[in-house]
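According to TrEMBL, the features are:
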SIGNAL    1-27  signal peptide
DOMAIN    34-110  domain 'Inhibitor I9'
DOMAIN    131-580  domain 'Peptidase S8/S53'
ACT_SITE  Asp139  active site, charge relay system
ACT_SITE  His203  active site, charge relay system
ACT_SITE  Ser529  active site, charge relay system
DOMAIN    635-730  domain 'Subtilisin-like protease fibronectin type-III'
Amino acid sequence: MAALTSSFAWLQLIGFTVSMLICCCYASSENRQVYIVYMGNLPKGEVSIASLHTSMLQEVVPSVGSDVLLYSYYRSFNGFAAKLTKDEAETLREKDGVVSVFLSQKMQLHTTRSWDFMGLSKKVLRSFIESDIIVGMLDTGIWPESRSFNDTGFGPIPKKWKGICQSSANFTCNNKIIGAKYYRANGDFDPSEFQSPRDSEGHGTHTSSTAAGGFVSKASLYGIAQGMARGGVPSARIAVYKVCWADGCYYEDILAAFDDAVADGVDIISISAGSIFTNDYFYDPIAIGAFHSMANGILTSNSAGNSGPDPASVSNFSPWSLSVAASTIDRKFVTKVKLGNGEIYEGTSINTFDLKGKMYPFITGGAALNTSQGPIPADSRFCYAESLNKTLVKGKIIFCDYYTDSDSPIEAGAVGAVYQTGAYKDYVFAYGLPLSNLNLDDGKKVFNYANWTENPTATIFKTQVEDQFAPFVVSFSSRGPNPITADLLTPDLTAPGVDILAAWSEAAPMTDAEDDTRIVPFNIVSGTSMSCPHATGAAAYVKSFHPTWSPAAIKSALMTTAFPMSSENNVEAEFAYGAGHINPALAAKPGLIYDAGEIDFVKFLCGQGYTSTQLKLITGTTISCSKETNGTVWDLNYPSFALSATPGNSVTRVFHRTVTNVGSAVSTYKAVVKSPPGLVIQVQPSVLSFKSLGQKLSFTVTVGAEVGNSMISGALIWDDGVHQVRSPIVAYANLLG
């Protein structure tokens, strides 16, 4: 989802805009739009898939030109993107061999201290094959000159790599960034954007360096948050797939990148983007791409979304990928305001400007009305655009009753701005001028001073970094429950996503303020876009120790070793943080794993109502839904447990699970159950005795709950005295129907 960058506008997810494309080779009245035709797995045998796609189009489109077929997906899965009318799309939808046809839309983009905070220090044990791990980043591209991507000391590119570097006059790869490609099917490039894998937004550079950036000492944002910047796997390689641009990330481009990344040989895929609307699993490009990645042994890590704290707002929730929420680390950014009477108030922001304590005239927005606007001027109390009188504001610090944007004070010539707001203050932004956000109580006092004092003055100090309690899930992070499968706990876990310092594109200004021309090599940004690459880096770290583990095994290791979190700090409990806060170092040695493969997810899909015909196409096998394969969601071998009930009713479910021993060859695990009042949990057997590594043992968990109109959380922990393999158990009243 959209990275939370310089202003509140990046946090508010903009409306879901459909890409309207009119093909010039047809009558002007015939509007064509981009549709995705998804056909499942690659067919067996020698088949020209591109020719197959063209033939299908020729049957429904009067004249198939190069401007109709945009992409053929044929390297990792089967499908194509084409410009179609609604009727043509409907005709294709009814054809044999088609799983789904859906309109292409666009998705929005959803560190010095963070890795140390998670216990993954720069001295942590590293695998000798970490440099063979390839992390595929689907984002806005990358700034290759950043110190985070220096390839000094790197050996040759891993032989397994099959991708390309789409070099251009302004972009080349190296032994760190081993591959790069850009995707823009509609060919519509803004003049400010690079027609290459180079990043003009900053987002992709930030996420790539968070996941796999190298060691950079003394990194900071104008001296703020100074320290060693690094990714989770500093010696891993990066493959860049530029699918996101200033106006978003289009479905057809995302699927083309997935198709390439899987075939290119990446080990982990990371994508920090998503929709604000709920789509079924095989009408969503990320879920489709992640399914075929999983089938090829590649875990997809994706952001949960920035639409919290609303319930069921999570945007990436397929069980075969990793859905990551965003939480805080143990530092906060404080920007103090000093008044002419000597009083000092603490606000929040990232203020890199240093006024050196100089006191400036202080004025309220309400006293600086621009009366030249017309008969009904905008209320200047809120510092709306063009509402301020430039003559009265220039050279002063202005007080605004509520935060709208920082552009108006800048345009009016203000030296700085102080806002009072009741909005969430668990994350901060940088602005194009000195600015501090005060709470309503302090804001009232400052307003009274500015409004009733003769010749009031004020100054704003440069931001200071202070300690804070952490972690807790930030307010903007999207919450569960899973909007498609109610009894599947989502998000899976949480990772640092607030105030993260990482590399930045030097083609992108530090903030989105129009007059801000500051260029920085590192920037501080918030969003589930930032938590996702933390989980990506952690997954790559685990993969480096266990290169043969399946995506589900890596996901299980991350979830069952996560730090438990408390509902005292997040009322939404597991719907905010899933299994808990990621713990990368411990995840490399989880003791037991809940493994699952393609067949397990196919059984799950049978139970979700998918037909045998659909699943044969999706998997490319002869599997069919039957009594043996019609699995319920409660039987999916998932590392968490969830059950829902209609409000006011009790519910009982039986879960079947199998764990694989990856700890000590001979070991005995005892079941430790955490069950609050209203939740009854029974485990059979309650002791698991293993005699060898790789041995699998099965058990059942019976959960009974009186949920009323709320949510009850418990846990099952398998404990051998060394490993504590923890799974959350959640029962809740499903208020969404």
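Glycine is no exception: its Cβ is also placed from the backbone N, Cα and C atoms.
Note that the structure is predicted; figures quoted are calculated from it, not measured.
Secondary structure of the domain 'Inhibitor I9' (34-110) per DSSP (helix as H, G, I; strand as E, B; remaining residues coil): 20 helix, 28 strand, 29 coil. In sequence order, Leu109, Asp199, His203, Gly204, Thr207, Ser208, Val240, Tyr241, Lys242, Val243, Cys244, Ser270, Ile271, Ser272, Ala273 constitute the residues six or more apart from Asp139 (active site, charge relay system) in its chain with CB-CB distances below 8 Å. For the domain 'Subtilisin-like protease fibronectin type-III' (635-730), the number of residues in each DSSP class (helix H, G, I; strand E, B; coil) is 1 helix, 62 strand, 33 coil. Per-residue confidence over the domain 'Inhibitor I9' (34-110) averages 90 (mean pLDDT, predicted model).
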